Amino acid sequence: MALYRAAAAVLAGLERGEGGLKSLVYNSGFPHVRQLYALVSETVRYASVLEKLLDGAALLQAEKKLAPQLAKVLVYDLLFGKGLKCGGRWKALARRHRARLEAELARMKVRHKVSRNEDLLAPEKAVSASASQVPRYVRVNTLKTCVDDVIDFFKRQGYAYLGKAVSVEDLKALSGKKFLLDLHLPEVLVFPSQTDLHDNLLYTSGHIILQDKASCLPAYLLGPVAGSHVIDACAAPGNKTSHLAAILKNKGQIFAFDVDPKRVATMSTLLTRAGVTGCQLAQQDFLTVDPRDPKYSRVTHILLDPSCSGSGMVTRGPGEEAAPSAERLQALSGFQRRVLNHALSFPALQRLVYSTCSLHQEENEDVVQAVLQEWGSAFRLVTAFPSWPCRGLAAFSGAESCLRASPTETLTHGFFVAVLERCKDGAAAPSSLPAAAKSPQPGEGTETGAAPKKRKRKKQSVK
């Protein structure tokens with residue numbers, strides 16, 4: 001029942017205007033923030049439908065001690081979610097009224113002449129066809145297990161494994177209890193969009209990470225070798241940090257920063273569950289970190305995923321702007337330029353990935369262009385993942401080296417990624433670097449459909 005109480009509290013905070021959905025979820029203290037975020041955002045999406053159901057079934061009149069926010073959460077999960085997972089009196093209460101609620105839902109569909117629950121939503125709140133196609137992506141945590149063992153585990157749970165995807169169309173066709181190996185990332189499995197794995201043993205034990213495919217790109221493309229010293233500059237909630245640790249095989253050092261104490265606490269819990277070691281968490285604004293501190297003298301790789309408008313996220317909540325004002329974009333891009341400049345000032349830095357979950361050029365290509373101009377010939381853009389279908393907007397020469405992701409073209413959240421490398425002495429001005437001109441990095445030479453190398457089974461895999 002803790003999940004439903006936490007969701008009801010977040011709903012109440014939203015209604016009182018105490019903050020946006022994301023900040024209220026992170027400040028709730030609930031350990032599974034993604035599960036809470038998903039439940040609240042979907043409850044908000046169906047709010048108008050739920051209010052009509054509660055009125056039509058007279059639930060609040062019959063249960064006077066039931067808070068409206070808790071009622072909405074319970075009814076959402078009962079009728080539109082995966083069914084109530086709680087026990088005790090709340091489950092008994094929901095069962096007492098289930099027939100009446102289902103009858104009222106059926107009457108609503110008849111009145112609106114629709115057959116699907118989704119069709120009851122107002123057009124501006126309905127999920128677009130492209131967004132609803134975004135699958136459930138699962139990153140295998142190689143610190144604890146391997147891809148083969150996770151596949152075997154799901155097969156024993158009744159899922160049908162269809163092999164490696166060949167195209168994005170394969171991902172669109174997924175349904176039921178079927179899953180694929182992703183066509184681009186060798187440690188990502190793909191399930192139908194409605195698959196809920198928050199209660200699965202593999203998730204609760206940290207053997208898998210529920211992470212959108214686009215969000216896996218930054219660490220993958222940074223590709224530090226084992227033993228490297230790496231900074232995750234704006235790290236919470238920690239999925240990218242745990243991905244970096246897996247790439248490093250827990251060999252090396254990660255410095256992870258976030259200014260919010262509650263987000264740092266959440267990140268600590270996630271990293272512990274994922275089996276991450278060799279990571280120093282710091283509740284600190286990355287802009288206050290001294291690049292000349294001897295502690296960071298061996299930092300060669302930086303992952304920078306700064307605060308942004310979040311306009312690429314498929315599911316949005318109240319208090320989060322879908323179309324930020326020009327003033328808001330100017331403030332964000334100014335901050336992003338400052339933090340990118342700061343990251344490039346670390347003396348031993350060789351490779352940096354800059355990423356956002358924004359669709360706006362002002363936060364993406366414009367930031368990268370401005371900073372590269374300031375640094376002259378010291379850094380250049382690298383063309384990573386040459387066959388990735390979405391490229392940067394042609395805002396400047398070399399912008400096509402950047403990556404973009406979107407629900408329509410890549411079946412992911414909207415995302416932007418740029419890979420920067422320090423130039424050799426006497427190198428030309430910043431420009432894209434053809435993949436053939438250097439040794440293959442992650443995402444270069446492995447994205448063309450070749451099957452990933454089979455991994456040795458590890459003793460820690462879940463049986």
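Cβ atoms here come from the backbone N, Cα and C positions, even for glycine.
Within the listed segments 91-118, 315-342, TrEMBL records coiled coil for the stretch 91-118. Between the CA atoms of Cys234 (S-adenosyl-L-methionine binding site) and Cys357 (active site, nucleophile) there is a gap of 13 Å, rounded to the nearest whole number.
Proximity to Cys357 (active site, nucleophile), judged by a C-alpha distance within 10 Å, picks out none of the binding-site residues Ala236, Lys240, Asp285.
The Cβ neighbour count for Cys357 (active site, nucleophile), using a 10 Å radius and every protein chain shown, is 21. Averaged over the coiled coil (91-118), the predicted model reaches a pLDDT of 82.
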